[in-house]
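Chemist: Quick paste of what Swiss-Prot says about this protein:
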ACT_SITE  D143  active site
BINDING   E69, E94, D121, D143  S-adenosyl-L-methionine binding site
BINDING   K147, D179  substrate binding site
Amino acid sequence: MPDPRDDDEAATAMPERAFFGRRKGHKLRSHQADLIAELLPRLSFDLGAPAPARLETLFASGIAEVRLEIGFGGGEHLIAEALAHPTTGFIGCEPYVNGMAKILAQIEARELGNIRLFAGDAAELLAWAPPASLARVDLIHPDPWPKRRHWKRRFVQDTSVAAMARVLHEDGEFRFVSDIDDYCAWTLAHLLRSKEFCWTAERACDWQLPFAGYTMTRYGRKAEREGRRAAYLHFRRAAAAPNDRAKAGEL
């Protein structure tokens, strides 16, 4: 089965990284190229420097918590969340140039000050972030890597689940959306075998219906038109055992 994402959503990749393949995208327009050259560096941060004790300090004052969206595509969901939650800081991770250019245009037009961007490997970002520093991680319609020999490239792996558990604070959230049944089953299996996460669904509608206030992405609308139904999986970070909290420096 081919990768179902649109070619223009799976656009030109930034330098090499662990969980993303290279794809050639459309040539950037002049203003988009200017945004990549001028605005992106102002919104990015250097993983070569030590992480701040609190990620809220990456933003202007007034930020109460920080969320991460991994692979934001065209940025529809991330922009809507940033507009709806002005006191929340959002870190958007996206390796493809065209997706980055799209969200930069929206940030500029809407004068949003609560979004920071990272064009590198999400695994490196998770390793850099301090423990218990994120309120939520969103993974919306990720690349399913459908061929068996490519499953190791899927973002959801035991290692990434452990990395998210480390950076999410107690009762923090992980939200996963996909219309690819195999990847949904894969994700559910990985999260259910982790002691650090609890699946919140109590009835079928809890995973069959979008989250409250959820903004559908362009790819999500396309999938619906073509008759593919997405699953909306919601997990919470379980309370850490006392010895785990001690290792994290909380005791």
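Numbers run from 1 along the shown chain.
A Cβ is built for glycine as well, from the same backbone N, Cα and C atoms used for every other residue.
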Chemist: Looking only at E69, E94, which of these binding-site residues has the biggest number of Cβ atoms within 10 Å around its Cβ?
Modeler: E94
Chemist: Among E69, E94, D121, D143, recorded S-adenosyl-L-methionine binders, what is the largest CA to CA distance in Å?
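Modeler: This binding site's residues have a maximal Cα-Cα distance of 14 Å.
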Chemist: Rounded to the nearest angstrom, how far is the Cα of the residue listed as 'active site' from the Cα of E94 (S-adenosyl-L-methionine binding site)?
Modeler: 12
Chemist: Please work out the number of neighbouring Cβ atoms within 10 Å of the Cβ of D179 (substrate binding site), leaving out its own Cβ.
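Modeler: There are 20 of them.
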Chemist: Determine, to the nearest whole angstrom, how far the Cα atom of K147 (substrate binding site) is from the Cα atom of D121 (S-adenosyl-L-methionine binding site).
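Modeler: Rounded to a whole number, the Cα-Cα distance is 21 Å.
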Chemist: Tell me the Cα distance separating D143 (active site) from D121 (S-adenosyl-L-methionine binding site), rounded to the nearest angstrom.
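Modeler: For D121 (S-adenosyl-L-methionine binding site) versus D143 (active site), the Cα atoms are 14 Å apart.
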Chemist: Using a 10 Å cut-off, grab the number of neighbouring Cβ atoms around the Cβ of D143 (active site), all chains included.
Modeler: 21
Chemist: Please report the distance from the Cα of the residue listed as 'active site' to the Cα of E69 (S-adenosyl-L-methionine binding site), rounded to the nearest angstrom.
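Modeler: Cα to Cα, the residue listed as 'active site' and E69 (S-adenosyl-L-methionine binding site) are separated by 14 Å.
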